[in-house]
Amino acid sequence: MQSLRVDLGSRSYPIHIGPGLIGDKDRFAPALAPGPVAIISDSNVAPLYLEALDKTLRSLGKTVLNIILPAGEGSKTLASIQEITGQLLSAGFGRDCSLCALGGGVIGDIAGFAAAAYQRGVAYLQVPTTLLAMVDSSVGGKTGVNHPLGKNMIGAFYQPRAVIADTDTLDTLPEREFRSGLSEVIKYGLISDQGFFSWLEDHMDAVMARDTAALMHIIERSCADKAEVVTRDEQEGGLRAILNLGHTFGHAIEAASGYGTFLHGEAVAIGIIMAADLSRRLDLIRESEQDRIYALMEGAGLPTLAPRLPVTEYLRFMQVDKKAQGGQVRFILLRGIGEAVITGDVPPAAVIQTLNAFMENEHGRD
Ligand SMILES: NC(=O)c1ccc[n+]([C@@H]2O[C@H](COP(=O)([O-])OP(=O)(O)OC[C@H]3O[C@@H](n4cnc5c(N)ncnc54)[C@H](O)[C@@H]3O)[C@@H](O)[C@H]2O)c1
Ligand SMILES: O=C(O)C(=O)C[C@@H](O)[C@H](O)[C@H](O)COP(=O)(O)O
Ligand SMILES: [Zn+2]
C-alpha cells in the first residue's frame with residue numbers, strides 16, 4: 001500500500017492506494033463520523049463490491065444503509081440527490097452519519113455533493129473503483145451534478161475525509177472504461193510533469209497490460225500531481241484551472257452529443273488534442289510536440305476524432321464553461337509538454353480555425 005496526504009489544514013486527508021483495501025477496516029475507522037454509514041454505489045459496482053464494504057463497515061460496529069443508483073452519466077442529476085437525501089431522511093440519518101462513495105467518478109461526484117448538501121454537510125469517504133476515479137475524481141473535493149445546459153453546473157467544493165483506492169477492483173473494469181481513465185493520467189504529464197509524460201511514452205505497453213507495478217505508479221504519480229495543485233489552490237481561484245486542460249472542448253463534446261455518448265475521459269482525450277492544436281496555431285508548442293501528444297493518446301487506445309457537430313453547437317456549450325470571466329471563455333493551453341498556461345485572450349478566429357479543422361478533416365491536423 002502507498003499513502004499520500006492532501007494538505008488542506010483542518011480539511012486534510014489521506015489517499016491510500018493498494019490491493020485489498022475494501023477489506024481493511026483500519027483505513028476506514030479514522031475517517032468515519034460516529035453515526036451510521038450509507039454506501040452510495042451504482043448498479044454495476046454494487047453486485048461486485050458492496051457486500052465486502054458493507055462487511056468491513058459492520059465489523060466496525062456500524063449500522064449500514066445501501067443506496068444503489070443506475071450506472072452511468074445519466075444519473076448525475078439533481079433527481080439523484082433528491083433520491084439519496086430522501087433515503088437518508090427515511091432511515092433517520094443525522095449529521096453524525098458518513099457517506100461512502102463506492103464506484104467511479106459519477107458516484108463520487110453525486111455522493112460528494114449529497115454529503116455537502118445533506119443537513120448542510122456530513123462526512124464522506126471516496127472509495128473509487130475506476131482508474132479515472134482513482135487518478136482524478138476522488139481527489140480534490142469537486143462534487144456535483146450536470147444540467148442539460150452544461151456539465152457539472154450544480155455542485156460544491158467539499159473535501160472527503162479519506163480516499164481509499166482498492167486496486168483489486170480494477171480487475172473487473174471494462175477495457176473502454178480503463179482507457180478512458182488514461183486521458184486524465186496523460187493530462188498530468190502535459191500540465192506539470194514532463195518526466196511523467198516521457199515515462200508514459202516508454203511504458204504505455206505495461207500500463208495497457210495493467211501490469212501491477214505500472215498501475216501503482218500511474219495512480220500514485222497522478223494523485224501526487226493533483227494533490228500538489230489542490231493544496232495550492234483548493235477552490236480554483238487560479239492555478240487549479242490547469243486541471244481543466246482539454247475540458248472546455250471536452251465538456252462541450254459530452255453535452256452536445258448527449259451525456260454518456262462519449263465517456264468523460266474520451267471527450268477529454270479529444271479535447272486535449274484540440275487544445276494542443278490551438279496551442280500550436282498560437283505558436284505556443286511545436287508541431288513535433290503536438291505529434292507526441294497525438295501519438296500517446298492513440299497508444300492509449302483513446303479516440304482522437306471529434307464528433308461532427310455544428311461549430312455553433314460547440315461554441316454554445318463552450319460559452320457556459322465555468323472558467324469564463326466577464327463573458328470571455330478562458331482556455332488551458334500548453335506552452336510545451338509539462339507546462340500549462342491559463343489564457344483569457346485567445347483570438348476567437350483561432351478557436352474557430354481549430355473547430356473547423358476538426359470538422360473538415362476529422363483530426364484537425366493540416
Ligand atoms: N470531481 C472531479 O474532480 C472529477 C474529475 C474527473 C472526472 N469527473 C467525473 O467523473 C465521471 C466519470 O467517471 P468514471 O469514468 O469513473 O465513470 P463512471 O462512474 O460512470 O464509471 C464507469 C463505468 O464503469 C462501471 N464500473 C465502475 N467501477 C467498476 C469496476 N471496478 N468494475 C466494473 N465496472 C465498474 C460503472 O458502473 C460505470 O458503468 C464524469 O461524470 C466526470 O465528469 C469528476
Ligand atoms: O479537479 C479539478 O479541478 C478538475 O478540473 C478535474 C477534471 O478532470 C474534472 O473533470 C472536473 O470535474 C472538471 O470540473 P469542472 O469545474 O470543469 O466542471
Ligand atoms: Zn476530467
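Each residue, glycine too, has its Cβ placed from N, Cα and C.
Note that TrEMBL annotation is computational and uncurated.
GLU184 is the only one of GLU175, GLU184, GLU339, GLU360 that TrEMBL places in the Zn(2+) site (with HIS247, HIS264). A separation of roughly 10 Å, to the nearest angstrom, links the Cα atoms of LYS151 (NAD(+) binding site) and HIS264 (Zn(2+) binding site). All protein chains considered, the CB of HIS247 (Zn(2+) binding site) has 27 other CB atoms within 10 Å. Of all the Cβ atoms in the protein chains shown, 21 others lie within 10 Å of the Cβ of LEU170 (NAD(+) binding site). With respect to HIS264 (Zn(2+) binding site), the closest of these binding-site residues in Cα terms is GLY105, chosen from GLY105, THR130, LEU170, THR172. Candidate binding-site residues: GLY105, ASP109, THR130, THR172, HIS247. Those with a Cβ under 6 Å from ligand 2, in sequence order, are HIS247.
The Cβ of ASP109 (NAD(+) binding site) lies under 8 Å from the Cβ of LYS76, SER137, LYS142, THR143, GLY144, VAL145, ASN152, GLY155, each of which sits 6+ residues away along the same chain.
In this view, THR130 (NAD(+) binding site) is surrounded by 27 other Cβ atoms within 10 Å of its Cβ, with every protein chain counted.
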